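Under the heading substrate binding site, TrEMBL lists A:M44, A:G193. Look at TrEMBL and you will find A:R119, A:S166 tagged as ATP binding site.
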Amino acid sequence: MVKQIAERLQHLREQRPLVHNITNFVVMNNTANALLALGASPVMVHSPREVKEVVAMSNALLINIGTLSEEWASSMCAAAEYAHRIGRPWILDPVGAGISAFRNEVLQELLRYRPTVIRGNASEIIALSDFALSGGKGVDSTAGSAQASASGHQLQKTSGAQVCISGEVDYVIGEQRSVSIHNGSPMMTKVTGLGCTSSAIIAAFIAQGDDPFLEALAGVSVCSLAGELAARQSSGPGSLQKNLYDTLYNLSEVEISTHLNIKEYVH
Amino acid sequence: MVKQIAERLQHLREQRPLVHNITNFVVMNNTANALLALGASPVMVHSPREVKEVVAMSNALLINIGTLSEEWASSMCAAAEYAHRIGRPWILDPVGAGISAFRNEVLQELLRYRPTVIRGNASEIIALSDFALSGGKGVDSTAGSAQASASGHQLQKTSGAQVCISGEVDYVIGEQRSVSIHNGSPMMTKVTGLGCTSSAIIAAFIAQGDDPFLEALAGVSVCSLAGELAARQSSGPGSLQKNLYDTLYNLSEVEISTHLNIKEYVH
Amino acid sequence: MVKQIAERLQHLREQRPLVHNITNFVVMNNTANALLALGASPVMVHSPREVKEVVAMSNALLINIGTLSEEWASSMCAAAEYAHRIGRPWILDPVGAGISAFRNEVLQELLRYRPTVIRGNASEIIALSDFALSGGKGVDSTAGSAQASASGHQLQKTSGAQVCISGEVDYVIGEQRSVSIHNGSPMMTKVTGLGCTSSAIIAAFIAQGDDPFLEALAGVSVCSLAGELAARQSSGPGSLQKNLYDTLYNLSEVEISTHLNIKEYVH
């Protein structure tokens, strides 16, 4: 699988997919930069007057509900509905799932449009699976990603999506296969929006559109590995953010095959 | 007092307070990163559909009116009103006070909800104290922070808040005590939103909730000192922004006791 | 002309123009930082309740339609109309021109308020000149800037604006003179919003208000040259972003006269 991930990255860099982002104000700049460094092409458009046109011209869609409002929620739903209708791959990042009734309602509608992938931290995946108020502490996770694994499997079944859980260990859960990713760095939790960045990178991979499980896995793997390699040369989170873009830009097949540490596990 | 500031920072890192930010589009990313580097946990939520739920689950609230609009103003007022009602500490950053009648109206309503702390530059503090149109040049300050000291004392009395004035010298003005902080660097004015960052850091300290004057002082001190230490190793404002996060992340008790230069003064 | 550009930069640093930005969410932070590093003073205000007051107090206005919505479009039009009425120089950055009917309508209204300068990539300039749906791939350009030169000349005639086209080679097209700028670096396309940054820098120059062609040329030249010099010491786009601010902050007359490579050409 490691070799396939490296090939997918090579393919992404040749294809330069256009990724439509309807995301939160905090990370817009970062995710655009991560996509460019990776080799993809980001577009950020959210007006209901033009989201359909942009979904149609893009290769994949990312919906991230971080700084949600009613206006943005209707754009998100319109875009997701249209992506679903025309068969465009899309990923849902359910930031802060469970922290309010409003957020849960919007998520419930979004799930109807059958995201190709869902990526969140442990608290978010548990909340999304339960739709009960989680013990989540804001938008950072209080549950471990291993704890969320059972919820992730349940969410995979009910949603049909590939489910990715970020944490000390990352998980990618598909219908028939699941993989844990043992890369990353604790310092990554000290840079805002690296989970959102992981979702954006996954979006660039699912643009390939022929093996969503492998594509989601490639996205999570590339982000966590790049973060780990970047953290090794960083004296703090400011350096890490800068080095992450440089690492994404330069990440080689050799680095992937040398350092990527993933394990398939049986359901 | 220097020793108490270092202890407060240590306490903050153990407590990891959740800080609710309703802030401007320009600095959202930066203030989230500053809070994470410091050891706090940021959450950015602004919809009137969920601000109360997030105020309730957070340890402190920051309201920064930089990129104000009518929609955001009503969210800010709802959040501030609720924080006041349930006794949650909150800080007001009156960006651009005095530049328009609209902004002054919103500030007037916000002041009714009794902020724990107000932090601004000299022009903003003067304008807020006067509510006359200031000689402010946009959002950067044209008055010196020393000039604003008299206005700051007046504002302290009328608002009941701890008043912090940023500038070449910073001031923290309480009911019975006032302190000037002689740290920072002129290069800090060449990075956008370091005043906003100072407010966010103060928000993380007032979450402790038992000595607002000392907490405001700790926030201003940590930000200005970290900026000064970061600027020493920076060849320009790009480096400074990166180094600021690294410095906040690594700031030690020894650095605080060696370099922090504060002076109490009599009213 | 190179000497005049260096003098204009010197003048800008002494004058510290206040630049009013109504721009997109992705680049707000970056353009504020670029303006500060350059020596200008940015203000970001977009509410219809106060845009006129801020246009009136500013020395120049930037309108960038990146993350357009109906609410923001009416603020943009109100600000541009007012800038036109009171004779305030303003620049239009038509991000994503041609990707939707909505965007084209808004651009058509904005053009009525006679921007001093228009800056876009090749696809955007072609679309703006045609107002037909372009072959544009989102907001990154698919056409070369040389290809767009004919469209740029046509747009110059119909709009009366100085037209700047960004690409491998940049063009600044005036009524009587045109110049190509042979600086920059391919790595600049891997950092989000460096085109938007170029527009912001132009805005700071047109605040001088006595020779829009030369001022637009100075803005494009300074941005492309700073990007080139910054890229030389950057191992990837994360470093480039940081180094760009440091370079803008330190850019000297000697560097401009040594490295700036511009050519006047006959229409």
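Counting begins at 1 with the first residue displayed.
The backbone N, Cα and C atoms fix where each Cβ goes, glycine too.
Nobody curates TrEMBL annotations by hand; they come from automatic prediction.
Mapped onto this structure are the features recorded in TrEMBL.
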| residue | record | CB count, 10 Å |
| --- | --- | --- |
| A:M44 | substrate binding site | 26 |
| A:R119 | ATP binding site | 33 |
| A:S166 | ATP binding site | 27 |
| A:G193 | substrate binding site | 28 |
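Secondary structure at A:G193 (substrate binding site), as computed by DSSP, is coil. Calculated from their C-alpha atoms, the gap between A:S166 (ATP binding site) and A:G193 (substrate binding site) amounts to 12 Å. Secondary structure at A:S166 (ATP binding site), as computed by DSSP, is strand. Reduced to three states, the DSSP call for A:M44 (substrate binding site) is strand. Across the structure, A:G193 (substrate binding site) and A:R119 (ATP binding site) place their CA atoms 13 angstrom apart.
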